[in-house]
4 protein chains.
Amino acid sequence: MTPPTDGQAADNNDHLVRSDNPDHPANLIPSLCAKFWKLGWVTGTGGGASIREDDLVYLAPSGVQKELMKPSDIYVLSLTAQAQSLSQRQRVYLRRPAAHKPSQCTPLFLAAFTRRRAGCCIHTHSHWAVLVTLLLEAQGPGNDREFRINNIEQIKGFGRGFEKSGNLGYHDTLVIPVIENTAHEEDLTEFLEEAMVKYPDTYAVLVRRHGVYVWGENVHKAKTQCESLDYLFQLAVEMKRLNLPWITDIEPTTPKKS
Amino acid sequence: MTPPTDGQAADNNDHLVRSDNPDHPANLIPSLCAKFWKLGWVTGTGGGASIREDDLVYLAPSGVQKELMKPSDIYVLSLTAQAQSLSQRQRVYLRRPAAHKPSQCTPLFLAAFTRRRAGCCIHTHSHWAVLVTLLLEAQGPGNDREFRINNIEQIKGFGRGFEKSGNLGYHDTLVIPVIENTAHEEDLTEFLEEAMVKYPDTYAVLVRRHGVYVWGENVHKAKTQCESLDYLFQLAVEMKRLNLPWITDIEPTTPKKS
Amino acid sequence: MTPPTDGQAADNNDHLVRSDNPDHPANLIPSLCAKFWKLGWVTGTGGGASIREDDLVYLAPSGVQKELMKPSDIYVLSLTAQAQSLSQRQRVYLRRPAAHKPSQCTPLFLAAFTRRRAGCCIHTHSHWAVLVTLLLEAQGPGNDREFRINNIEQIKGFGRGFEKSGNLGYHDTLVIPVIENTAHEEDLTEFLEEAMVKYPDTYAVLVRRHGVYVWGENVHKAKTQCESLDYLFQLAVEMKRLNLPWITDIEPTTPKKS
Amino acid sequence: MTPPTDGQAADNNDHLVRSDNPDHPANLIPSLCAKFWKLGWVTGTGGGASIREDDLVYLAPSGVQKELMKPSDIYVLSLTAQAQSLSQRQRVYLRRPAAHKPSQCTPLFLAAFTRRRAGCCIHTHSHWAVLVTLLLEAQGPGNDREFRINNIEQIKGFGRGFEKSGNLGYHDTLVIPVIENTAHEEDLTEFLEEAMVKYPDTYAVLVRRHGVYVWGENVHKAKTQCESLDYLFQLAVEMKRLNLPWITDIEPTTPKKS
């Protein structure tokens, strides 16, 4: 962290978002969001991303066109200072952008950072995610709370789970819980946390008629898992259109040679 | 406004379209149109965009490849001078490009600027907009005049309406009126104005078999609302293909904690 | 034309493909093809483009990755010299690239240049064009020889026809003839020429299970008409999936005011 | 090969991946993978590419975001040294990147290089490839082992086969074998090799629920054949949705003139 060098009051800590390193969170969040905008994940001003480095959490603001985001738009908070604040809802920011409001995804990102030790959390409004939650909803109560798919190679893109090493296998079933959307985004937090408890090995939670939250131990894992999941959501919708089932019983093919 | 510095007659006011600021309307309209071309919204020479700054209105010309537009292609007119001209159909341009013809969308853009105090108005020929008007038409008279969708998170991307603060909520119903297309684009104007009166809180009007007009108080709001609307149009077509209804009765999910 | 300045034999006329002007045909064909590659029109090595300036015709070569094309890849021939050659099939090139073979589309491009005085001709293998020819084929003999669509605003992107001024109207029917594909591309030429005679006002000919040829008086018109046509092909496929008819009987909406 | 010039131990042979030539395999693999990422072929960390120049094989590593790959990420091995190693499974790399693990596609790429003298092999997880294998699977045993399509112009993008000159014709049937996926990617190798024996003229093998491997004598042929194949896979899925058959009996259209 370089000391503040501009005329702003030292306590706005603008130095926290200045770096020549393109992988610094304050540079990486804008470049990731620009990529996500082109993928159709963060249309309008929906969706966002957040990165944690040790105690510091970097957040994209609310209401910004994601492909135009700049490092100076980034919020920074300290997890320790946040935990120490008297009211958990009162955000204690080390650094705030000049205009903008904080992202309403903030408590959900923080849940991934504090409960799953995630290094990065991404929120998308991908069409494919929304359509999958609608297709599940149409199956009726009891069948609408989980997205399940197996026997697709891309499933190997996901880790086995929290504090487990290695990835899922081709024949494993990927299970992503679905929570119902709430009128106010911050009210999703308790349901997301419930889902994390009930599905301790998931790296994502779908939100009905809204989108998906995906996290990972670091930016690489969060971003690649988010891509693999959106790939599977799109594949699932295409499969549904062609009457192909998401869950199948495939006999493993074993090699003849040792 | 810098004084004219080139050899052209001073009364062509070329200085009105020259600026180093990428957010100056004469620079922003070309960069927005290039973005819209990649999104498939302004294919061929259809669609366009216009920006108002106080009394000045900046317009993309007719018949230009949208991804190749330059600041020197931009028309500028004064709303006051236009209102004072004896015949409203006679356009009083402060600045005209060397070649080109004025956009036929001009009176529709002006309706948004004068009746809704819009700062920006966008017109797209998006496939999804056209398909939504066709799906509504197929429902028969009486059911074909409004696009209605609710219980989708992206609805929160829209303002509550003219001179109202805040945005629509997740459970609100987004209502976009549909007007029938006319043989000549300028003849749409009275129908667009009728729709603005009948639907005072809308920020958009669909045109059957043609596309959509979307506006907002400023470029940010017009562009993000246009994106969110196209997202919803595409989602609506995908939902229709999968027999999922656009209007549903969802019980709100309330948080357990205070 | 600047005189040859490099060590190559003067009769290879490399100066014909060297220019600092980005709109010079030898620069424009590569930049258009790169754009068409991104649109999915010239996948693999299929498709191509050609530009005529007075007596000179510039052609993309065969078998080149379209997004990697360079001005030095371009063939140049003279229409007059070609007409004077003893055998019409013997191409008389003023300039040839060092490697590569000439495009098999060449006689088809020349048909547009000599019979329609086109300034540019584009050939795409667009999925949407191929699917439209397949949907027509499925309607059976007698109904499979023309793509017809009306009452879609984008139809206004097309000129009224050869040596006619103005564009088609919203209520007009766009008619694009379909010819059957042949085993060798150059054998399409007589069928394309037949279609030009039978449909004198068309600017395009669909080739069954193959793609489409689109031309225009200049690059702007060929390119924008090609875009508008691909838009309509894609819309037509989407409409077919949703059981929406391509030909409708819409009562014109007349303005109330004068 | 330029001698090593940096401080690293000479036996890591970093000079093998350094070049100013954009077509050097260590530069070309990253640029190709960035292009493939945009096409949706190498989402998450799935898929990859490999190039052979004489005895040297250049490979993309495992687990890298394909659009961020750099020349320093590339593995290099010698086919001769590999053949001489006591255990074929023990890879003998001339050059390894500092971090990363070798790609699990390596034995499959090597099969294309050693058995088909390929100069380039590409592996994609394209949705369209996966969906085609699922549509075939749904046809039941006996009908699910080959993707067959004919009478589509894009078929001409494929060579006639190993050590045969010229390309397939418009009326020829393109046949791509399908092998079943295995839990571990390297176990596919024997099945891929079996398919190469059974289908000696194929340039590709589909892997059920996984993707496709495509090769060619050089980068140009591998990449253009991969594009043409993905075009045909996408077309096939669209045709299936519209109930259009992949195999038809079309009477060739013969030219009237000689």
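Using the three backbone atoms N, Cα and C, a Cβ is placed for every residue, glycine included.
A:GLU153 (active site, proton donor/acceptor) counts 19 other C-beta atoms within 10 Å of its own C-beta, drawing on all protein chains shown. Summarising the annotation, TrEMBL assigns active site, proton donor/acceptor to A:GLU153.
As annotated by TrEMBL, substrate binding site applies to A:CYS105. For A:CYS105 (substrate binding site), the same-chain residues that are 6 or more apart in sequence and have a Cβ closer than 8 Å to its Cβ are A:GLY48, A:SER50, A:LEU59, A:HIS123, A:GLU185, A:TYR213. Reduced to three states, the DSSP call for A:CYS105 (substrate binding site) is coil.
When other Cβ atoms within 10 Å of the Cβ of A:HIS123 (Zn(2+) binding site) are tallied across all protein chains shown, the result is 28. Sequence annotations record features per position, and here TrEMBL assigns Zn(2+) binding site to A:HIS123, A:HIS125, A:HIS210.
Residues or ranges marked as compositional bias 'Basic and acidic residues' by TrEMBL: A:12-22.
Annotated domain 'Class II aldolase/adducin N-terminal' per TrEMBL: A:27-237, in sequence order.
Per TrEMBL, the feature region 'Disordered' maps to A:1-22.
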A:HIS125 (Zn(2+) binding site) has how many other Cβ neighbours within 10 Å of its own Cβ?
-> 27
Which recorded positions among A:CYS105, A:HIS123, A:HIS125, A:GLU153, A:HIS210 have a Cβ sitting under 8 Å from any chain C Cβ?
-> none
Among the recorded positions (A:CYS105, A:HIS123, A:HIS125, A:GLU153, A:HIS210), which are close to chain B, meaning C-beta separation under 8 angstroms?
-> A:HIS125, A:HIS210
Taking DSSP H, G, I as helix and E, B as strand, the compositional bias 'Basic and acidic residues' (A:12-22) contains 5 helix, 0 strand, 6 coil
Per-residue pLDDT averaged over the domain 'Class II aldolase/adducin N-terminal' (A:27-237), given as an integer = 95
Around the Cβ of A:HIS210 (Zn(2+) binding site), the count of other Cβ atoms that are within 10 Å = 27
Of A:CYS105, A:HIS123, A:HIS125, A:GLU153, A:HIS210, chain D-adjacent recorded positions (C-beta under 8 angstroms) | A:GLU153
